[in-house]
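Here is the structure we will look at.
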Amino acid sequence: MSAHIPAVATAFIPLTSFLSLSIYLSTHPKSPARRLRRVALPTHQDEPLDARKDPFEIGDDGDLGDGHPVNPDQFWRSMKQRKRWLLASLILPFVANIALLVLTVSSNAVIPPAMLLSSHIVTIIMALAYLSHADTASHWATTIHLGAALFVQFMVLAVIALLPNEPFPMSHASVNIDNTSLLRSALPILHLLPLIIVLFIRRGPPLYVPLDHIYPPKIAEAIPSDHPSLDPKQSNVCEEVQATIPEWLLFGYVTNVVKKGYKADTMDVWDLPVLTHNMRALACYHTFKSVYGRRTRRSLTKEGYNLLKKIAIANIRPLTARKSQPVPADSEIILTVLTAIFYYLPHLLLQQLLEYLQNDPTRQHPRWGWLIAFGLFTSNALTYIVGGIIWSISTTTLQARIKLQLNTTLYAKTLRKKDVASVGEDKKGEEDEEGVASKAQIMTLFTVDVDRVTDFVFHAFALVDSPIEIAVATIYLIQLLGRSAIYGLLAALLCMPVNHLASKFVVTAQENLMKARDKRTGLMNEILQGIRMLKFMAWERSFEKRVEEIRNDELHWQARNYTIEVAFNVLWAITPVIVTVVSFLHFTLVAGHTLTPAIAFTSVAVFDELRYALNALPETFINALQGFVSCRRIEKYLAFAEVELVQTTEPSDIITKDATFTFARDDSDAKNPFTLANLNLCFPQGELSLICGRLGSGKSLLLLGLLGEADLVSGTVICPRSSPDLMDGFPDTVTDWILPSMLGYVPQQAWLQNASIRDNIIFSSPWNEERYHQVLEACSLIADLKIMEDGDQTEIGEKGLNLSGGQKARVSLARAVYSRAGVLLMDDVLSAVDAHTAHAIMENCFQGDILKGRTVLLVSHHTALVSPVASYIVALDNGDVKFSGTRADFVEGGLMTELDADENKAMSPIAEKTVEDAFPLRKSVLTQAALEPDSETSSIAPDDEITESVVKKGPRKLVEDERRAKGRISRDIWATYFKALGGPVWWILFALGQIIAMLLPVAEKLWLQYWTGHDKTVPEAHSSTFYVVGYAVITLGGAFLSNLVYVVMYNGSLRASRVLHSKLLHSLLFANLRFHDTTSRGRVLNRTGKDIEGLDSSMADNFTRSLEYGLSVAVTFFSILSVGGLPFLGAGCLLLVIYYQAGSIYGQTSRDMRRLDSVTRSPLYSLFGETVSGVAVYRAFGASTLTLKRMIQLADTNNLCFFWTWTVNRWLSARFNMLSSAMIGLTAVIVLGTPGVTAAMAGFALAFAGGISHDLLFVVRRFVQLEQSMVALERIKEYSELPLEAPEYVDPRPAAAWPAEGAISVEKLVVRYAPDLPNVLHGISFDVKSREKVGVVGATGCGKSTLALSFFRFVEAHEGRIIIDGIDIATIGLTDLRSRVTIIPQDPTILSGTLRATLDVFDEYDDAEIYAALRRVHLISDNDVSDLESRNKNVFRDLNNSVSEGGDNFSAGERQLLCMARAILKRNKVLFMDEATASIDYETDELSTFRLELADVVSTTIREEFSDSTIVTIAHRIHTIIDFEKVLVMDKGCIAEYATPAELLRNTKSRFYSLCRATGRTEFKKLKEMAMEAERKRASVAKPE
């Protein structure tokens, strides 16, 4: 060893110190250089020309930062004391070094102490400045720099002190030892104390954050009052803010979380420490928003690249510095470069150790061996520590931040984007391959595409690391093998074109897989929205088949992905093998060198590491390509057109001048959209205006145009609009309630949130109890709340599923009335309520004080009811204004003569008893029924039930919190997966593949040992060709055979995916209605989307690799044991016990993290779906910013679980890496201490020991990932075993023609929702003759809907029976029953596709029959204009026209008529209707009088088309059933009256008489006339008989 080595090594100390100092001065917060750099002239370059504040630039309430310090004074006093100790401890090594300098001043040995002196001066100066630092940023930066400088000083001086006196074996150089050696040996010991002190200095004081500022109110309120996280005197922020350097490097700040997870049965969100400010959603949103800006145009050439660039800029700090710390600039990149360069230092030391053993087999110079063994341990440990930091930045910091940035940006865009999703067109061509227009595709952006982008980030640092590793490995291999290594590496280039070709297949397969997944997700979303209709129509099997067809296509592309993956695995495995074989072949056969153990095992180790570098690049490239597809989709969405910015306007009339509106569309939509043209209207301020017109005339489009939701093609509009942040600034107490500039909106299809009734009405407005009760009374909700056990605290299910249509409409109305809006736009709010309720709402709400002085635009079919109080009336017809003016204009022109007589009567107080007065109300079983284990809620009007009064309890949840399993994955979950994979043959093949893969590495290394370990003094038994060919056969064959197990596994995985998805789908489609009523759609979509994707994509790989790494660890242990013997057995078992303990602790916590991650993701997805469907309401009320804040809180909650899942993972990796380093060092020590171990045997043992670090870490990590994947299967299995309805078919099945007559007999029917609940129907009996028409009426909660549900067996008879044509319906299958009995519900549901597919689901009818049905429901007529000159053509004339999701491109009336047309096509003998004409418009006749003409025509159509059918109608409007043969009046679950309408009206004491009287004198008179006329007609028809 040269005498210059100490001087060269010592030079590294000042080099590091001055490099650190330069970085310190340029980045430290208190550096003078940094202060100078901040001086700059002010500039306004980036300020927009429009100075208005961006309403989406939301602020941080309270500006919390990382948190409030807890006992900061005490902390800084403690740290200052430690800094003094540090400064004092630096004096002694400084003095010792000066003494050494004096002693060596006359010799060449003076250079090392002289260089060390400069480093000491820098360190002492920094330590002096350190004393004054009392803020976290400057304090922690100095701590890092001092720690790094002292560590380098200690390590270099320790190595110099440990250098042996004797020469390295086979080396003629020696180390000159002088009389100062004792002082040199003391220097590292003297440096140890200051190093220890600085390592125990903490980053900053503990911090506290009020949790209600971070988490949603629902979580904040659920935290136990005595929980430590609520105590301001205790820290609840991530302990990283107070970590020491070792804790930071080894993730020690995670230990308490891991311990808590291990000890607790389960963890909740509030058990996890809060993240620092830069890891929260709000900060990430602001960062990305400032970088990305706003775009409303697509950039086709750079789409995707631009987004990636902006992501990189927004995350430049974590990319180039560890989070927000001013540690060395470009730290991740620099750390990656340094790691790549020094990655092969352990291999160099391995080579030195084997050369030592090879040249000193008798261990004559043991100190060199011990030094190299220490170097092996230290180099591996340092490499792993730095690698852990890099992985932490990539997997935790970057992934979490980018996910938050993209999700919040996408959500903000959704709140700004034009709502074009509901007008979906069938777009053909290549452009739609990455479509993001439909609601399902938008949901996929949130649920899938964002994850795809962040998955690329996971391996992104490989783009820097791998090329440098390859370069360093190449240089090293050339040093080992000479030019033979170059030939080997050139052989690897042959595989490059194949890599490029395969990457194209990957992109194609991935794009097609994503499209199939989008399609399935969209269809599942629609199925879940329309599940009641599917069940009513017995369409489960049909839609199950549709989903399975899409699923088969999806699995086809998944299989293609698997095939490509196996091909890549073989390619990646064979590339380094080719390099090794060619290199060895040239080295031995061509160059004629002897392959020694040091060269052979070191080369193989380097080639193995090179394999990871060579494989990482294409793997990262594939991830990048998959992520890039998602980037393009996201950026395409972010470039969609947005609604116009809100202009500040003074309160005035609402005016349109030559305005032309069309539904919001993007550039690729159809060329001939429906338009509302040439509008010149003036709606008076502070008055009620009426908008009416026939079905499809453009009434809703007019409101959307005024809202800014529709496109203004030409003209101008003056209408107030709410600023997006209007509601966010409301104070708690308000003096002037009405805001003239605020707008409120009530959509035609009521949009409600999954919250309590009160929360839906308040809608984040200030609380005013008096006003609230006024609103309840004005909207006729008080009676409804009385029958609900929890009153206004009753939770509304998703989309209001547990409320009747009328209740949903009134809650939606109440939200607008309660709001502070001075302008209210209401779309058809009266159509879903019955006549007396409509009158009450008109009197108490529209004519009451609550709306006085507010501008109201009301779209309504109740023209006779509304027009007398309307100051301005607009009549529309097919996109044109048929009339506009005041009611006075009508009267003066004689156009309202027919209404004059009714004017005073309609508006006068109703003296007669209302329905509620006539029928006393009882408390409902609504909430109880919805929550009982075996109960179901109504699917027609779920609130329409009664029961005996129950004990008052606190408000309960309809949609329960998502359940979360505890502990380890149960055996039955594993058994479910194992059974789904395949039978005995599959398992035999799988075991065979695993055994082959396990034994191949042993065979390779044994062959190398055999090749290099023979005695050189004995003549060769075999030629070099023999050894090279043998090695080539083993390694090349292994490259193919080792992937056999993946071929088997992926085949089994596809089978398991198909089987498990089919079970899940069947369970969801055939589950009872209670499940769908009490489970949010987002939660179910999470199972069918994210969890199924995990099952498809990662389960098989995790399962196979868990076994592979586990078997590899076993092989490694026994291989080292064969060399090390008993000494290794004891030490190895001890290390394995420690491994097991760490793995067990980690596994429990990690499972909980994964479950929490899944559970907290569902509310986020639900909010995404809720917003996509209700964005117009949010924008109308000015609640966009408010809901964005809510989303940010939910995102923070989910991100917290995601962050800790990965950080716990890093905690395990750090500990396993340290243990692995210890394992390598231990193996080296045992090899050195066992005299009989040759260099070849040592190479064999160390080759396995070098890989055990990877295998041991990944056996735990992969197994935990497998368990986390099993959590997805656990959730899938939970929903695959739901309580199902009765069988579809029961033998013997009814005759094909059943029911042929339609006679109904109900005998003593008793219904209850669960065995332990009170009866809902109390022994009712009645008969309905064949072809008879019966109306069912009664007060809310009387049991009407339960009776209807009983006919479809959604609730089963507890006693009694229902007989249809002589067959008890309880004795036949549900499909036979529901497919032969038709219902037309109040809330019409149609699914996407074409008009033909909507009307003819099973393709049973020809076009002529379908057109005939459309004519009968008056959707088309013979005199329709069908030529091309028509501006607004009738879309129903083309059966290929598209139907968007949920039929959103049709009005509610059109959807109801489509349902009626579908019923006409079926022509079943028994028909149920739940007020099928509720949404049908009243037509304007030639005299401009408004009557029920179309409704009457439709009613006539029903009577004519179903004249041979028995009809039972749940009536909300009396006039729809007044001419029926009989009326069944229900009260409290009993039949109160059952007779003809005329007979009941003759009895002035009858309940039906009171019900009719409650509609008003005029209406009552008309009803009586209609009933008597119908009786006369029936009598005249019956006379001839």
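Glycine is treated like the rest: Cβ placed from N, Cα and C.
Database features, via TrEMBL:
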type: TRANSMEM; residues: 6-27; note: transmembrane segment
type: COMPBIAS; residues: 47-56; note: compositional bias 'Basic and acidic residues'
type: REGION; residues: 47-67; note: region 'Disordered'
type: TRANSMEM; residues: 85-105; note: transmembrane segment
type: TRANSMEM; residues: 111-131; note: transmembrane segment
type: TRANSMEM; residues: 143-163; note: transmembrane segment
type: TRANSMEM; residues: 183-201; note: transmembrane segment
type: TRANSMEM; residues: 333-350; note: transmembrane segment
type: DOMAIN; residues: 333-626; note: domain 'ABC transmembrane type-1'
type: TRANSMEM; residues: 370-393; note: transmembrane segment
type: TRANSMEM; residues: 456-478; note: transmembrane segment
type: TRANSMEM; residues: 484-507; note: transmembrane segment
type: DOMAIN; residues: 654-903; note: domain 'ABC transporter'
type: TRANSMEM; residues: 985-1008; note: transmembrane segment
type: DOMAIN; residues: 988-1268; note: domain 'ABC transmembrane type-1'
type: TRANSMEM; residues: 1028-1048; note: transmembrane segment
type: TRANSMEM; residues: 1109-1142; note: transmembrane segment
type: DOMAIN; residues: 1304-1557; note: domain 'ABC transporter'
Seg_contact(the transmembrane segment (143-163), the transmembrane segment (456-478)) with at least 3 CB pairs under 8 angstroms, min sep 6: no
Sequence-remote partners of the transmembrane segment (985-1008) [C-beta within less than 8 Å, at least six residues beyond its ends]: 600-601, 604, 1027, 1030-1031, 1034-1035, 1037-1038, 1041-1042, 1044-1049, 1051-1052, 1107-1108, 1111-1112, 1115, 1119, 1240, 1243-1244, 1247-1248
Non-local residues, at least 6 beyond the ends, that sit with Cβ under 8 Å of the transmembrane segment (333-350): 319-320, 372, 375-376, 379-380, 382-383, 386-387, 389-390, 461, 464-466, 468-469, 472-473, 476, 601-602, 605-606, 609, 1224, 1246, 1250
Ranked first among 85-105, 111-131, 183-201, 1028-1048 for CB pairs under 8 angstroms with the transmembrane segment (6-27): 111-131
Contact set, same chain, for the transmembrane segment (111-131): CB under 8 Å, 6 or more residues outside the stretch: 6-7, 10-11, 13-14, 16-18, 21, 24, 80, 83-84, 86-87, 90, 93-94, 97-98, 100-101, 104, 139, 142-143, 145-146, 149-150, 153, 157, 160, 187
For the transmembrane segment (183-201), distant same-chain residues with Cβ under 8 A (at least six beyond the ends): 6, 79, 82-83, 85-86, 89-90, 92-93, 96-97, 99-100, 103, 116, 143, 146-147, 150-151, 153-154, 157-158, 160-161, 244-246
Per-region confidence, the domain 'ABC transporter' (654-903) (mean pLDDT, whole number): 83
Spatial neighbours of the transmembrane segment (370-393) far in sequence, C-beta under 8 Å, 6+ residues away: 155, 159, 162-164, 249-251, 318-319, 322-323, 332, 335-336, 338-339, 342-343, 345-346, 349-350, 352-353, 356, 461, 465, 1206-1207, 1210, 1213-1214, 1217-1218, 1220-1222, 1224-1225, 1228-1229, 1232, 1253
